[in-house]
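For reference, the structure discussed in these notes is given below.
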Amino acid sequence: MSRALLAVVGLGQTSALLTFSPGPSYSIGVPSSSTISASTEGGIYFQLSAPTSYQWVGLGIGGQMAGATIFVMYADGTGNVTISARDGGQGHVEPQHDSTIQSGVTLLAGSGIVGGNMIANVHCTTCTLQSSKDSTSSPWICAWNQGSAVNSQSLTYTLAQHGPDSMRQLDLDLSSASLSTDSNPFVSSSTTSSPSGTGSSSGSSATSGSSGSSSGSSGGSGGSSGVTVVGTSGKVIMDYQTAHGVIMGATMVLLLPLGAMFMRLGASAYLHGAWQLFALCAMLCGFGLGIRLAQMRSLLYNTTHTIFGTVIIGLFILQPIFGLLHHLQYRKTSSRAPVSSLHIWYGRALMVCGIVNGGLGLLLARNSNKGMIGYAVVAGVVGALYVLLVVVKRKGGKRVVDGGRRRGGARRKSEGRGEDVGDVRYR
């Protein structure tokens, strides 16, 4: 596993901060007297620091967005910063403001826009961890986004989504972040903090305390123990997402419908079967990538797309069996059987379900409007061509079954609709 940069910054002789800088700088300290744990609220100190070129910076308690307690810092437009406490919810959507957590949040002295940096020195008394306070592998997350300043004092401000490489999942050694005193560890001497729950410090406290705050930017040059990057990088996740989307989209919208059209165009059933088996193999490859992607994003079987997609894949696996039974039955009787209609309509229904689930996947991936429109247009055009082909063939009247390649070279005619099966062709 790769490791984030770490420095343990001592303030005086009585406290230590765990500091790491994956982009922005973060520092964490837990008073030895704090009652904070996985089940009990308690006090914890942390600092978020980044140049003003950053639009917002976030730090979360928890191993993933889902269920995490997240704190987001952004400029408030008056020379200070806003700190918004938010609930990660189900994950991979914008976290929403949590007034309960916010009620125990105090923005301490030393906070504000200082020397071209946004700094939020925070004390939280309504926080819980997802570990013990002295755990050597406490799960945390952080994320950030660069861009123009937010300049808002609203705790519910709508944030732009961070990029795939602007987030980290971390295991922190909180035993390296023990504070002997329960006071602001980010300034050399404690000063008066702003009122709890407002999310913004006053200008005077931000200025007066800034000279005593610890340097977040320098903390990233320390050793490599204490902070471990876990999970998968954003770039790898995006590569999996792209591969999964391309393979499944091409299979559902192009390969499977084209394979069904072959039969209406007079192709051999062997070509139809081989093509659809190839499409099924591609689908299973895309499904495997999707499973891994869902695991990396903590979305496995907790979203409609992943649940519906798994059901569809399972049903698709049965389709070749129905096709084989259809083929064998037709070779014997040169006419349709109930399994023939089952094979045809079952396949059509699954293709429609697959295309719909692809749209749900695009929504889950937050694809661009252009991408979703393009997907819908291609699916609509292919679907219209298939329906048109079916209608035209049905109006063609009786189909003649040419059994010239059958054993003995006998020719037979069959009325009724169906599909080419084996070496039998009919129109």
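Cβ from N, Cα, C; glycine included.
Because the structure is a prediction, the values reported are computed rather than measured.
So that you can see what the record holds, here are the features copied from TrEMBL:
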{"type": "SIGNAL", "residues": "1-16", "note": "signal peptide"}
{"type": "COMPBIAS", "residues": "181-216", "note": "compositional bias 'Low complexity'"}
{"type": "TRANSMEM", "residues": "243-262", "note": "transmembrane segment"}
{"type": "DOMAIN", "residues": "243-362", "note": "domain 'Cytochrome b561'"}
{"type": "TRANSMEM", "residues": "274-294", "note": "transmembrane segment"}
{"type": "TRANSMEM", "residues": "306-325", "note": "transmembrane segment"}
{"type": "TRANSMEM", "residues": "345-366", "note": "transmembrane segment"}
{"type": "TRANSMEM", "residues": "372-392", "note": "transmembrane segment"}
{"type": "COMPBIAS", "residues": "412-427", "note": "compositional bias 'Basic and acidic residues'"}
Worksheet entry | Spatial neighbours of the transmembrane segment (345-366) far in sequence, C-beta under 8 Å, 6+ residues away | 92, 161, 241, 244-245, 248-249, 251-253, 256-257, 260, 299, 303-305, 308-309, 312, 315-316, 318-319, 322, 372, 375-376, 379, 383
Worksheet item: What average pLDDT is reported by the model for the domain 'Cytochrome b561' (243-362)?
Response: 91
Discussion item. For a three-state summary based on DSSP, what are the helix, strand and coil counts in the domain 'Cytochrome b561' (243-362)?
Written reply: 105 helix, 0 strand, 15 coil
